[in-house]
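Here is what TrEMBL says about this protein:
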- His175: active site, proton acceptor (ACT_SITE)
- Gly9, Val10, Gly11, Glu12, Val13, Gly14, Asp34: NAD(+) binding site (BINDING)
- 5-142: domain 'Lactate/malate dehydrogenase N-terminal' (DOMAIN)
- 145-301: domain 'Lactate/malate dehydrogenase C-terminal' (DOMAIN)
Amino acid sequence: MTLTIAIIGVGEVGAAAAYALILNNVCAKLLLVDNRSSHLDGQVKDLSDSAFKEQNGTRIEAATYREASQADIVIFAAAAKRGIGETTLQYRDRSAATLHNVIEAINPFKQNAILLVVSHPVDTLTTIAQRLSHLPPTQVIGTGTFLESIRLRGLLANQFGVAASSVDAMVLGKHGESQFVPWHLVNVGGVSINELSPSDPIDRDKITQDCRRKGEQIIEEKGAIAYGIASAVSTICTSILLDRRQVYPVSYMQENLGCALSMPAVLGRSGIESTLAVSLGSFDKQRLQYSASEIKKRVDSNIQ
Ligand SMILES: NC(=O)c1ccc[n+]([C@@H]2O[C@H](COP(=O)([O-])OP(=O)(O)OC[C@H]3O[C@@H](n4cnc5c(N)ncnc54)[C@H](O)[C@@H]3O)[C@@H](O)[C@H]2O)c1
């Protein structure tokens, strides 16, 4: 069986994700799709060099949407450039239209394919992708707050002077302004954060804000985000294809809310294998309800 991953949109994020997948030797074949044909040819050549160097046998090929439909995982990382004078809402609706066109060109997906949405607005696009792809909800996943969770671990690790891998912490909810940190679940080396007393007190509000703002800062400073999200994509794909059943906060359909939002999920060969119930306070529950109503409004206005 040839494990194949297709990446739709090989700009900054798609290409960095491809590079991480090659280095981590996740699949036998990487199919790349992009509507800028000469850019696509260049990416295939450039990434092939890294695969030849790694000698891990990952084959890199340019592909059509129909060829991508047969991949085990299809990653949606396409985005249009923001137009001059375009509002955020107009731009987001255009991103939804791009997703719509791409899914129509791909449909039908291979029966057990996993669709991984990376592009923003990630929760809205994941919800739309689930409706349009006709894949079961467990097979449509958004990267959601995974990257923010990685950032949260990093910030806490720095403060406690430990490795990020020794920190267990997640950002949940709707990616962006209303994402939140369930602090009662945070632990360092298995010890609850509520029982730890670091030399510098932990400013939870500041850390939550820093986590929210880091993406904007990176974009202001270098124009795009690539490596952190690429690592997140590679980790998600590895857990799925190797059926590792690791638990990560990703965006997926929340039955009770009617849209996709980030909650912890067990990722394996079928996508979302199972979910973990998280106890939340009433404020966070209200925040989820509000986020869900906002997402559903955008989804309804984009799918007639
Ligand atoms: N989920 C996250 O945490 C996260 C992090 C960083 C970026 N993003 C999002 O990822 C997306 C991609 O960002 P980027 O920096 O790579 O953008 P980019 O502009 O560098 O690349 C987008 C690519 O998509 C291609 N494209 C556009 N329409 C297409 C179509 N219909 N079919 C195929 N390809 C198409 C473009 O030609 C381009 O190569 C954006 O929506 C961005 O906001 C998400």
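The backbone N, Cα and C atoms fix where each Cβ goes, and this holds for glycine too.
Annotated features taken from TrEMBL, shown on the structure.
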{"residue": "Gly9", "record": "NAD(+) binding site", "contacts (Cβ under 8 Å, 6+ apart)": "Val33, Asp34, Phe76, Ala77, Ala78, Ala79, Ser119"}
{"residue": "Val10", "record": "NAD(+) binding site", "contacts (Cβ under 8 Å, 6+ apart)": "Ala18, Leu32, Val33, Asp34, His39, Leu40, Gln43, Ala77"}
{"residue": "Gly11", "record": "NAD(+) binding site", "contacts (Cβ under 8 Å, 6+ apart)": "Asp34, Ala77, Ala78, Ala79, Ala224"}
{"residue": "Glu12", "record": "NAD(+) binding site", "contacts (Cβ under 8 Å, 6+ apart)": "Ala224, Ile225, Ala226"}
{"residue": "Val13", "record": "NAD(+) binding site", "contacts (Cβ under 8 Å, 6+ apart)": "Ala77, Val118, Ser119, Ala224, Ile225, Ala226, Ile229, Ala230, Val233"}
{"residue": "Gly14", "record": "NAD(+) binding site", "contacts (Cβ under 8 Å, 6+ apart)": "Ile7, Ile8, Leu32, Asp34, Ile75, Ala77, Ala78, Val118"}
{"residue": "His175", "record": "active site, proton acceptor", "contacts (Cβ under 8 Å, 6+ apart)": "His120, Pro121, Val122, Asp123, Gly142, Gly144, Thr145, Glu148, Ser251, Ser262"}
Original post:
In the same chain, outside Gly9, Val10, Gly11, Glu12, Val13, Gly14, Asp34, whose C-beta lies within 8 angstroms of the Cβ mean position for the NAD(+) site?
Top reply: Ile7, Ala15, Ala17, Gln43, Ala77, Ala78, Ala79
**OP:** Please report the number of other Cβ atoms within 10 Å of the Cβ of Asp34 (NAD(+) binding site).
**Re:** 23
**OP:** Determine the mean pLDDT over the domain 'Lactate/malate dehydrogenase N-terminal' (5-142), rounding to the nearest whole number.
**Re:** 95
Original post:
How many helix, strand and coil residues does the domain 'Lactate/malate dehydrogenase N-terminal' (5-142) contain under DSSP?
Top reply: 68 helix, 24 strand, 46 coil
